[in-house]
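S.K.: Take a look at this one; I'll ask things after.
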Amino acid sequence: MGDFIGHISPGLFLVFYGLYQAIIVSRALILNDSLLYPSYLSKNKGKWARLWQIAHAGWLKVVSGSLLIVYELNCVDEGLTFMTKMIPPRFMYPKEWQHLTMFILLTLDGCVEVVSRSVLRQRLVLLERGATVLGVYVLLLLLVSHVKDSSGVELQVHSLLILVVFLLMLVLTAELWAPEMVHLWVIETFLFLTMGSWLMQAAFILFRPVSGFPWEDDDISDIMFVTTFFCWHVMINALCMLGIYGISSFWHRCYRPGLMPMGSKEVLYHKSSEGTFYKLLQKAEQQDRDDQAPLLSKSSPCDRA
């Protein structure tokens, strides 16, 4: 899969996934809603309610991962052989097998999310995030060994990609302990967008240069401009997220104003009864009832008179 399509396809998936996440995060920020238990899922009772409850991100992972697996298996003309038949045997197509491992984990991650959100009676958020973290951990390990025989421009391109994956691994690991922290979700979305757009850029740098001439590995200017292009991707993706937030805010204020003052009380009931928010809510309601009890007892003799 070390070709133009092999880099463009995963890049497109990551960009679409990042855009989807950016819309979800922007909506949660604007409405002060929960990221894991959005209130519109419980309020939507119309004929399209079932459509909104589908695990869109999970199905996107399953479909994209399956298509990438099929492409990887067919990109080798003589078949993706594991070992040679000579004595002693030697492993064959190490990079292709690494690609296949990445795509299998992506598909499994999507399956876990679909099962958790659409099949199980109670959603297992920790299982979903754990599957995603596992996939990113393995991706980082495979990318580190993927560049062992790289040099020059190709090494610089993949080194910047490894940097993004490493930061994403840290963010996703932190989300295991703080799954509702919106700051982590914003950073995660930004890193997914950056990884996707950079993969697409890598396809043009390594396989189809816009100038029509290949990049020179021994030219320091080419290597420096690879980093410059990466910085441009960082800025463009940040502006893209700001644009999505601005458009979402304008849309909800102009066309969906009824959702703007919505509180988070109903969202808290979606969480486990053992959760902190639920306990605080119960204590507050119990305290209100206790405060009203003396008032009712004092007013009862007057009512009898």
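Positions of Cβ are set from backbone N, Cα and C atoms, glycine also.
Quick paste from TrEMBL:
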REGION    285-305  region 'Disordered'
TRANSMEM  12-30  transmembrane segment
TRANSMEM  51-71  transmembrane segment
TRANSMEM  127-147  transmembrane segment
TRANSMEM  159-178  transmembrane segment
TRANSMEM  190-211  transmembrane segment
TRANSMEM  223-247  transmembrane segment
S.K.: At a C-beta cut-off of under 8 Å, are there same-chain residues at least 6 beyond the transmembrane segment (12-30) that contact it? List them, or none.
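M.R.: Cβ under 8 Å, 6 or more out: 38, 56-57, 60-61, 64, 68, 182, 185-186, 188-190, 192-193, 195-197, 199-200, 237, 240-241, 244-245, 248-249, 252, 260.
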S.K.: Mind checking which residues of the chain, 6+ beyond the ends of the transmembrane segment (190-211), have their Cβ under 8 Å from one of its Cβ atoms?
M.R.: 3-8, 10-19, 21-22, 153-154, 157-158, 160-161, 164-165, 167-168, 171, 226, 229-230, 233-234, 236-238, 240-241
